[in-house]
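The annotation substrate binding site is assigned in Swiss-Prot to 182, 644 on the grounds of similarity to another entry. Positions annotated as Mg(2+) 1 binding site by Swiss-Prot, on the basis of similarity to another entry: 185, 189. The Mg(2+) 2 binding site annotation in Swiss-Prot covers 212, 215, 425. Here Swiss-Prot flags 611, 637, 641 as Ca(2+) binding site. Per Swiss-Prot, site 'Important for ion transport' is recorded for 174, 219, 226, 645, 656. The site 'Determinant of potassium dependence' feature in Swiss-Prot is assigned to 455; the stated evidence is sequence analysis. If you look up Swiss-Prot, you'll see 1-21, 55-75, 82-102, 133-153, 158-178, 252-272, 283-303, 370-390, 397-417, 492-512, 584-604, 650-670 (among others) marked as transmembrane segment.
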């Protein structure tokens with residue numbers, strides 16, 4: 001039974017291989033389209049390889065630290081040098097998923113554009129297949145690596161190292177990718193749209209290739225690494241708590257639910273079909289719904305592996321209660337996605353209010369957008385609170401972990417739908433730059449519009465899953481560190497709470513400033529090219545795309561280091577400093593989880609709302625493109641870009657990474 005998980009991971013990778021071959025056999029279009037696609041592909045892969053080369057030093061340092069700490073706590077059962085093997089495996093699997101997804105996404109984009117010359121259904125098929133490769137790579141490598149590590153070592157504490165490896169890569173991928181894409185996006189929008197008055201994806205814009213590369217490094221590789229981390233983190237939290245609470249077969253159930261989720265996602269992918277002129281959103285929703293229903297049925301069967309009645313700690317629970325806790329997580333994920341859609345879609349009042357406020361200038365646009373983001377935290381918090389209380393009543397701490405597993409059981413489908421968006425967006429950019437028939441751009445714009453909605457829902461889902469996963473990992477940490485309660489009368493704990501509450505703000509400041517510095521360089525370069533290259537604005541000369549790509553790449557690699565180290569070093573420092581220790585660290589994790597979740601929701605939703613308010617005006621409202629309201633909305637969207645694509649999403653990984661660092665090094669903290 002234990003081998004079923006890694007075998008299912010292999011099935012996912014085989015399905016990804018089948019989809020890759022299908023995409024590669026598709027027509028990549030005319031020479032001009034292929035030339036543009038090659039530039040995007042080479043820029044994306046160059047960034048990814050440079051990022052991975054930079055991370056080698058971090059991985060080697062962390063590996064050495066784990067080995068040293070393992071020998072220092074050799075007498076402690078849970079801290080062993082072998083944890084370093086699991087850590088390296090986690091980093092390699094995360095890197096592998098990102099590499100596979102990026103390779104295929106940057107090939108699917110041009111083929112989607114070419115397919116749109118024939119039919120919208122063909123374009124949807126290619127774009128979703130490209131997204132599905134990323135989805136299957138995430139769940140396939142995640143479950144294969146995790147399943148093998150669990151089977152070989154049969155020690156949940158060693159398995160924790162796999163989650164640490166996944167988290168380490170995820171944070172750098174999210175931050176680095178977010179800085180890259182937003183530096184390019186801000187430069188392309190402010191100088192191209194506002195100052196030069198040229199449309200989006202216009203080939204005269206020097207930052208246009210960097211902008212399209214950024215869609216891939218941020219929204220494909222970065223997003224995939226984020227959900228890869230949540231996926232393995234939720235499973236590992238379930239395994240760790242089951243082992244700590246001595247639940248019979250409890251370590252097996254999370255792996256089985258994940259395996260069932262992979263099969264459900266594969267079957268659901270075959271239902272993403274639509275007729276000509278039909279709604280692509282409906283097709284994606286159908287595939288997601290089929291996968292979710294199959295996962296629910298499979299989860300019920302998987303929980304039958306548990307005894308009908310069992311004891312965890314001093315409490316008695318049932319297998320039916322575990323099933324109910326898992327479903328509570330799944331429902332919470334769906335609800336948070338829908339709440340996110342309400343606050344970020346142009347179909348609803350919040351975005352329309354921001355568009356309306358744009359009529360009186362940038363200031364009122366910013367004020368309305370910020371207030372919308374803050375207001376959007378209320379319902380997700382209530383949903384998470386209800387899910388936590390319900391899952392705890394159903395199955396205790398193990399129930400909270402299983403709620404996170406349930407929410408992430410169909411990660412294969414979630415990533416596929418999310419990664420579909422940037423592929424469709426790139427296809428539209430290629431169609432514009434290659435000067436294809438306007439009908440092609442109309443089809444790709446329709447697919448991209450759906451992609452914007454799915455991306456917003458995906459961000460909400462990622463944030464919700466991060467909160468539950470972080471809480472489950474926090475529960476595993478308290479069990480490993482033998483902390484029975486967080487005592488709010490203890491000054492050390494209160495100090496930890498305040499430090500933890502501050503960290504997401506510091507992290508957001510560092511990442512926002514990084515985007516600002518990188519965008520400044522990009523804006524200066526784009527302005528320079530418009531002024532110094534004769535005939536560029538008339539379309540008679542070609543801009544220096546490579547220079548803008550180099551600026552984004554260099555800035556992203558340089559600026560991702562400090563925020564990444566912050567998430568690892570702060571919990572280690574608090575846990576090791578005399579007078580603070582494991583209790584203060586518990587307070588820090590609690591404080592960071594609360595404020596980090598709130599910041600993530602606020603920033604992601606405010607940014608998404610600003611973006612769609614701009615698109616709402618571009619659709620013809622309040623004067624349409626070129627109007628004063630549109631200029632204000634573009635400025636608001638530019639502020640929102642690092643909110644929704646850099647700082648907000650990276651906040652998810654911050655709270656999970658700090659918790660998993662604490663969990664892995666808990667034996668070391670206990671011996672001080």
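Glycine is treated like the rest: Cβ placed from N, Cα and C.
Ranking 82-102, 283-303, 370-390, 492-512, 650-670 by CB pairs under 8 A with the transmembrane segment (55-75) puts 82-102 at the top. In terms of Cα spacing, the recorded positions 212, 219, 611, 637 that come within 10 Å of residue 455 (site 'Determinant of potassium dependence') are 219. Around residue 189 (Mg(2+) 1 binding site), taking its Cβ as the centre, 23 other Cβ atoms fall within 10 Å, counting all chains.
Within 8 Å of the Cβ centroid of the Mg(2+) 2 site, not counting the listed residues 212, 215, 425, the chain contributes 40, 109, 211, 213, 214, 216, 219, 422, 426, 428, 429. With the fewest other C-beta atoms within 10 Å around its C-beta, 611 stands out among the binding-site residues 182, 611. Cβ packing within 10 Å was compared across the recorded positions 215, 219, 637, 641, 645, and the lowest neighbour count falls to 641. In this structure, the recorded positions 174, 644 were compared by how many other Cβ atoms lie within 10 Å of their Cβ, and the smallest count belongs to 644. For residue 611 (Ca(2+) binding site), the recorded positions whose C-alpha atoms fall inside a 10 Å radius of its own C-alpha are 644, out of 174, 182, 212, 215, 644, 645. Geometry remark: residue 212 (Mg(2+) 2 binding site) versus residue 185 (Mg(2+) 1 binding site), CA distance 9 Å. Taking the centre of the Cβ atoms of 611, 637, 641 as the Ca(2+) site, the nearby residues of that chain (Cβ within 8 Å, site residues left out) are 185, 189, 607, 610, 614, 636, 638, 639, 640, 644. Local packing around the recorded positions 185, 226, 425 was summarised as the count of other Cβ atoms within 10 Å of each Cβ; on this measure the leading residue is 226. For the transmembrane segment (283-303), same-chain residues at least 6 beyond its ends with a Cβ under 8 Å from one of its own Cβ atoms are 124, 128, 253, 256-257, 260-261, 263-265, 267-274, 319-320, 322-323, 326-327, 330, 334, 406, 409-410, 412-414, 417, 420, 450, 454. Counting same-chain residues at least six beyond the ends of the transmembrane segment (133-153), those with a Cβ under 8 angstroms from any Cβ of the stretch are 2-3, 5-13, 15-16, 19-20, 23, 82, 85-86, 89-90, 92-94, 96-97, 100-101, 104-105, 108, 159, 161-162, 166, 220, 224, 227-228, 231-232, 235-236, 239, 251, 255, 258-259, 261-262, 265-266, 411-416, 419.
Here residue 189 (Mg(2+) 1 binding site) is positioned 15 angstrom away from residue 645 (site 'Important for ion transport'), judged by their C-alpha atoms.
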